[in-house]
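Input: one structure, supplied below.
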Amino acid sequence: MNKFATVLVLASICLASVSAQCPRIVTRAQWGARAASTSQLPIRPAPWVVMHHTAGASCTTDAACAQQMRNIQSFHMDGNGWADIGYNFLVGENGAAYEGRGWGRQGAHAPGYNDRSVGMGVIGTFTNGIPNAAARTAARNLITCGVSLGHIASNYWLIGHRQAVATACPGNAFFNEIRTWPRFNPNV
């Protein structure tokens with residue numbers, strides 16, 4: 001086997017390894033995002049992951065989750081006057097991750113952490129119950145994916161939104177769940 005073929009095989013193996021860790025990611029174009037202009041994340045890879053819930057309706061189908069993403073983006077842009085949806089990614093209870101601002105972009109989700117974090121959340125309200133297994137798995141895999149791709153630092157810290165600012169987000173039940181996840185930091 002020549003050197004080019006060897007490099008190609010090794011690259012394919014590496015890409016397969018990374019994609020195996022990543023959940024299905026629905027791009028902005030696929031969910032119908034509006035055009036937006038956001039800043040690059042100044043600190044990369046991001047040393048923090050901030051977990052949220054959207055405090056609205058949940059979704060379990062591709063169509064319903066795409067509609068929720070458009071609704072949230074419209075609320076953030078039209079209601080809050082932001083440049084785009086505030087989160088980098090959201091996860092639906094269909095097990096898919098939805099690209100918000102995406103990797104390497106500064107979010108508008110957690111004051112004091114926006115310039116050094118990836119803002120992720122689950123679509124829905126999780127005060128009294130936790131997201132289903134598909135959403136929890138997708139969220140954890142999205143973090144692993146971000147580390148594998150070099151967008152999240154390997155020694156990152158995970159916090160709930162309420163640890164950054166006075167809010168009920170990500171809901172009591174979901175906050176108690178993420179406290180059991182790897183790299184959760186109780187001492188922010």
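Note that Cβ sites are derived from N, Cα and C of the backbone, with glycine treated the same way.
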Looking at the disulfide bonds in TrEMBL, identify which of CYS145, CYS169 pairs up with CYS22.
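Cross-referencing TrEMBL, the cysteine bonded to CYS22 turns out to be CYS145.
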Would you mind checking which of CYS14, CYS65 shares a disulfide with CYS59 in TrEMBL?
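According to TrEMBL, the disulfide partner of CYS59 among CYS14, CYS65 is CYS65.
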State the Cα to Cα distance, in Å, between CYS59 (disulfide bond) and CYS22 (disulfide bond), rounded to an integer.
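Cα-Cα distance, CYS59 (disulfide bond) to CYS22 (disulfide bond): 20 Å.
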CB neighbours of CYS59 (disulfide bond) within 10 A?
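Result for CYS59 (disulfide bond): 25 neighbouring Cβ atoms inside 10 Å.
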Measuring Cα to Cα, how far is CYS65 (disulfide bond) from CYS22 (disulfide bond) in Å?
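That comes out at 18 Å between the alpha carbons.
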If you count CB neighbours within 10 Å, which one among the disulfide-bonded residues CYS22, CYS65, CYS145 has the smallest count?
CYS22
Using DSSP, what's the helix, strand and coil tally for the domain 'N-acetylmuramoyl-L-alanine amidase' (36-171)?
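Summed by class, the stretch gives 37 helix, 31 strand, 68 coil.
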